[in-house]
Every structure is written in structure tokens, then in C-alpha cells.
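J.: Copied straight from TrEMBL:
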ACT_SITE  HIS86  active site, proton donor
BINDING   ASP50, ASN85, HIS150  Mn(2+) 2 binding site
COMPBIAS  393-405  compositional bias 'Basic and acidic residues'
COMPBIAS  406-430  compositional bias 'Acidic residues'
COMPBIAS  437-450  compositional bias 'Polar residues'
DOMAIN    3-102  domain 'Calcineurin-like phosphoesterase'
REGION    364-450  region 'Disordered'
Amino acid sequence: MTRVIHTGDTHIGYQQYHSPVRRRDFLAAFESVIDDAVDDDVDAVVHAGDLFHDRRPDLPDLLGTISALRRLDDADIPFLAVVGNHESTRGGQWLDLFERLGLATRLGEEPVVVGDTAFYGLDHVPASRRDELEYAYEPHDVDYAALVAHGLFEPFAHADWDTETVLTESTVAFDALLLGDNHKPDRATVAGTWVTYPGSTERASASEREGRGYNLVTFGGDGSGDGDAVDIRRRALETREFVFITVELHDGEGESRAREAVRAHDLTDAVALVEIVGEGDPVTPAAIEEVAESEGALIARVTDRREIDTEAEFDVSFADPEAAVRERVESMGLSEAARGIDETVRSEGVVDTNVRETVKDQISELIDDPGAFTPATGEDATSGGDGQEEPSGEERTEATERDGADGDESGGSSDEDERDDGAEGNDGDDGDHGTESIPSEQQVSMEDYL
Ligand SMILES: [Mn+2]
């Protein structure tokens, strides 16, 4: 019997809403998973990618991650992982550094055996390169096998990777696919094989409403007595509270009604996400945000979803011109490369003198991927899912934050966190408001270590 924690999409280093507190939350969630692994003495922790939110994590996040991995190692629990689309670099991977330090094992085509289960890995691969994949895995001689992979697999929302093809073409018969990328936890069977996502460990977008957690997966379980080869259970994590408030305004109602609705909630230390729907008078989002903050909210964001149907130009929310620009750019059908450049040019996180260099880096990374220079189809450019995403690296090709398979539910508006996610793509990391924007040369890069 082999019992492992299956986690992923921890996105350490994500300064969501430009909040240093939120940034610590993402590391704290990872630490909780490690605590549970040690307390529970599992046989391994399996991480399915996106340990980091971007390819240039800062030193405090790296140090925190290393400390957590060291604790795991001190407890003799192996950390087995693959590389996700958010953190992937052109040179060595952070995971290689941890492996060199003896704190992690990067999974691949050769089996890594823990107890009676062999683990294999498949890093995120852009859709344009998947045809080349051979799924050639070295044989093993134990009872069970699992493939740990990062991508959007069938049969879940936003899937673009055919699970049956993977299973059919693989030279090893897998009992389970332990996945990352889709932030929504789920499980299903495909051709008799378990396929499961543990979900993200902190809400990386407003659309990730349900509670966060991870999977506890047992191969060859004897306890339950039902003879199943694979048993998948979900465990909850305690994470930052998000309070979702929908205020429906009727004719004649306006700001005072909205304030009242917000005050009716306990917002202490929470992220308060307020949406205004219905009719009624105009409200100033910033004023409502202030109310939520005075009620103790760590972060407050108000989105007015009411269509103002008089004249189209009023549809721009002046509280958020950046979002309006972004929305318009997205509807232009630009190629991935072009969108990346646009992001870099507009981002406050990239100082002017660095724009040329940053764009050069971006294009060098994309140069081998012809798809990145193809104009987006109408669908890609405008529609739901990851429509709000601005992929800017090869790794981010299709999916990224629909990652939040959830991307969808966020209502297709460009609200705060989508801007965060987008901005991240250009190395400027959430630079939009200039809060703590870090010139890229001050960031630690993988090459500094290897
Ligand atoms: Mn992710």
C-alpha cells in the first residue's frame, strides 16, 4: 500500500491584489500541506506543477519553499514533482535546483518507486508540441503506476488534452493520472483509469469559490476492504476567507443600499468581493470598497455588473481604465506574442528602459512556437474561459488561468485578479499599480543558482 498527498497549483509568490499578505498566504497554504504530510506520515508528497506563480520567484518565497521541503525531507518523505506552465523557464527549472539540494525528485519517463507504486511525470507541454510526444515510459516491476502531469485534461472543463490518447499511447498502464493546472478539484475515470485534480491550495482567482484542499491517494488500500486499487479522498485546507457578496439594486436604490448590504457581512481579514447587479442608481465602486475595508476586510473589490445601456462609451468603468483597455485589446484578435508585447509596453512593472530587453526575451522564448505568432481566432480573443488571460510565454499558450477552469465563472469581466494574472506574464509581476514593482534585474533567476 502506498499513501500519498497529491497537491498542485500552489502558486507561491503570487501577490494577488498587490497584497503582500496574500502573497504570504500562498506560501502558507503550501506549508499547511507539508505540515499535514509530516503529521500524517504519508509515503510521499506528489506535486503536479505550478509550485510557483511565475518563473522568477523572489528570495523570501524560495527560502520559505526550501524550508518546507527541508522539513519534509527531515521526515523522510519524498517530494515528487513536475513543472507547470506558470513556473517553467527556458533554462533549468527551480525543481532541478531543489533536486540538486536533495529536497525533491523531478518525475519523468523513468519510474520513481515508492512502496508498491511507480510514479512518472509529464511536465506541461504547449498544445502545439503535443503531437511530438511519445509517452514512452520505462517499465516498472511494482503493483501500481501513476502519471503526474500538468495540463487541462479530458473530461474536465476547458480540456484541450485528450486523456484517452495519453493512456493509449503510454507504454505503461497507469492506475491513476494525478493532475495539476485546473484549479477546480475533480475526479473521474477514463477507460478505467482514475483522473483527478486536487485543485489549487489558495484561491488564485475570484472564480475559485469552493473550499481549497488536496487529495489523499492510496494505492492498493487494504483498509477500506472494497478492493479498489486506487482510493482518492479529498482533504480541506484552511485558507484565507473570501466573502462573495452580490448586491441586487432595484429602481431607486443606490449607494446606501450597497453599503448596507456590505455591512451585513463579517469581513474581518477577509477578501471581500462584491458584485452589483440589477437596476438602480450608479454607485462608486471605490466608496463601497472603503466601507468593506472599514469593516475589517483585508482586500475589497467591487464590480458593477449592470449594463448601462444608454451609450456604449459609458460602459468603461473609470475606476478601472486599465481593465477597460485590456478588454479592448483582448477583442482585437492579437497573437499570443503580440499580446505579450502589448502587456510589457503597458505594464508599470517594467520600467521603460527595460522594455526592449523584456520584449526580446519574450520573443526569444516564443520563437520556436509558430502558433504564438498566429492571430487569435475570434473565440480565443474574446470568449470566456481564459479570455481574460494574457499568455505571454510559450508555456502559457492555451490555458493558464482557466487554470481556474473557473476562469469562466468570473463572469467574463476584467476584474482585479484577472489583471493580476495577466500582468504576471510579463515578468513585471502585478506591476499595474506600481506597488512593490521589482525591476527584473533585481529578481533572482534560475541561472544565478545552477
Ligand atoms: Mn495553476
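Every residue number used here counts from 1 along the chain in the order it is shown.
Placement of Cβ uses the backbone N, Cα and C atoms for every residue, glycine included.
Just so it is clear, the model here is predicted, and its values are computed rather than measured.
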J.: Which binding-site residues of ASP50, ASN85, HIS150 contact ligand 1 in the sense of C-beta under 6 Å?
T.: ASP50
J.: Using DSSP with the three-state reduction, classify HIS150 (Mn(2+) 2 binding site) as helix, strand or coil.
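T.: Its secondary structure by DSSP: strand.
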J.: What are the DSSP helix, strand and coil residue counts for the domain 'Calcineurin-like phosphoesterase' (3-102)?
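T.: Within the domain 'Calcineurin-like phosphoesterase' (3-102) the tally stands at 47 helix, 14 strand, 39 coil.
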J.: So how many other Cβ atoms are close to ASN85 (Mn(2+) 2 binding site), meaning within 10 Å of its Cβ?
T.: 28
J.: Sort out the sequence-distant neighbours of HIS150 (Mn(2+) 2 binding site) for me: same chain, 6+ apart, CB within less than 8 Å of its CB, listed by position.
T.: GLY8, ALA48, GLY49, ASP50, VAL82, VAL83, GLY84, ASN85, LEU122, ASP123, HIS124, LEU179, GLY180, ASP181
J.: Just how many other Cβ atoms lie inside 10 Å of the Cβ on ASP50 (Mn(2+) 2 binding site)?
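T.: That number is 29.
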J.: Note the mean pLDDT of the domain 'Calcineurin-like phosphoesterase' (3-102), expressed as a whole number.
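T.: Averaged over the domain 'Calcineurin-like phosphoesterase' (3-102), per-residue pLDDT gives 96.
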J.: State the count of C-beta atoms found within 10 angstroms of the C-beta of HIS86 (active site, proton donor), not counting that atom itself.
T.: 29
